[in-house]
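Asker: First the structure, which I've put down as structure tokens, then a few questions once you've had a look.
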Amino acid sequence: MYMNKSRLILYALVFSLVFTASGCSPSIKAYKVMPSTKSVQASDTNNDKNTDYSNQWGISQIKGDEAWIILQQKREVKVAVVDTGVDYNHPDLKNRVLKDEGYNFLNNTSDTMDDNWHGTHVAGIISADAENNIGITGVVGKADVKIIPVKVLDKNGQGSSDIIAKGIKYAADKGADVINFSVGFDVKDEFISQAIKYARTKGSFVVVSAGNNNTNCDNSSPAGDEGAYTVSSVNDYNEKSSFSNYGDSVKIAAPGENILSTIPNGDYDYRSGTSMAAPYAAGVAAMIKAQNPNLTSEDIEYILDKTAVDIMEKGKDQETGYGLINAKAAVEMADKLGAKNNILKF
Ligand SMILES: [Ca+2]
Ligand SMILES: [Ca+2]
């Protein structure tokens, strides 16, 4: 017989910085109601022609719009956002959120409304509606990528690791192809480590943020956990964001500064943080899965690693992993890999 060892329940914080500097961004209120006036590449792609994504610098930075052109979706893909909930009534999210498949682990109800803003912002980066002629476009463009909202964090963006672990496991059991987890701890947490291992066993690809303390994240959860695909943040010059954590566990880098996305009450705003970088990777992972549903999480990881554009120090480095995520090359490689295990031929 073994005694149950009591475990310290750690509290996590979402990894994001509220972008408050004025003068750095256009008026969002005006942006919301203004029709698209800028000439964007969207008219040349399969993206909705009237949705203006020109303020979303991250999409072109990672060749997201080029990926949309070649993407041939084989089936719907589900991404679980394990976070503060999602504003499922937001006009740019209501057609993308699988409200009935979500769960609120804070009060054990099915209502996953976001009373913070973080989860709504993350969800919009991944999959804001590209076909409704308003607001923004998710990194997946018009691809059929749905969000499973899993609420594990409170209105302050905080939560305990035992509850969060339940949310991760729930997402895996719901069949999430990808899990986005933009949350972190200063140390390793057994609940979280085990939940991520479980999710990978169930076939979910788990994307996490490196954290915002400009410190080594290798000995923290989830960034340093086995099975987590850890994302650091870069700016539009492809330099590591000053706040972004680093370490051997960082696999890839994605845009994480001044990221425009959805916030509750039908609104939009810019935020910065590795919390914003992770959903870019989650979105690209979803596109890989959409292009080739036979691919496993190991395949997706391989593709993301191999197709990343090397930046900063030559080769894989602690600050940006294999480099900047490359949506176009990732979708191309996904298409070439006809079936599971073909990957070994590359
Ligand atoms: Ca939209
Ligand atoms: Ca490098």
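Including glycine, each Cβ sits where the backbone N, Cα and C put it.
Predicted, not measured: the structure shown is a model, and the values here were computed from it.
Below, the features straight out of TrEMBL:
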type	residues	note
SIGNAL	1-23	signal peptide
DOMAIN	75-323	domain 'Peptidase S8/S53'
ACT_SITE	ASP83	active site, charge relay system
ACT_SITE	HIS118	active site, charge relay system
ACT_SITE	SER275	active site, charge relay system
Asker: Just to be sure I understand the packing, how many Cβ atoms besides its own are within 10 Å of the Cβ of SER275 (active site, charge relay system)?
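Answerer: Taking every protein chain into account, the count is 34.
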Asker: Using the alpha carbons only, what distance in Å do you get between HIS118 (active site, charge relay system) and ASP83 (active site, charge relay system) once rounded?
Answerer: 7
Asker: Return only the integer: C-alpha distance in Å from SER275 (active site, charge relay system) to ASP83 (active site, charge relay system).
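Answerer: One finds 10 Å between the Cα atoms of these residues.
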Asker: According to DSSP, folded down to helix, strand and coil, what is HIS118 (active site, charge relay system)?
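Answerer: Reduced to three states, the DSSP call for HIS118 (active site, charge relay system) is helix.
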Asker: Hey, does DSSP put ASP83 (active site, charge relay system) in a helix, a strand, or just coil?
Answerer: strand
Asker: Taking 10 A as the limit, how many CB atoms besides its own sit near the CB of HIS118 (active site, charge relay system)?
Answerer: 30
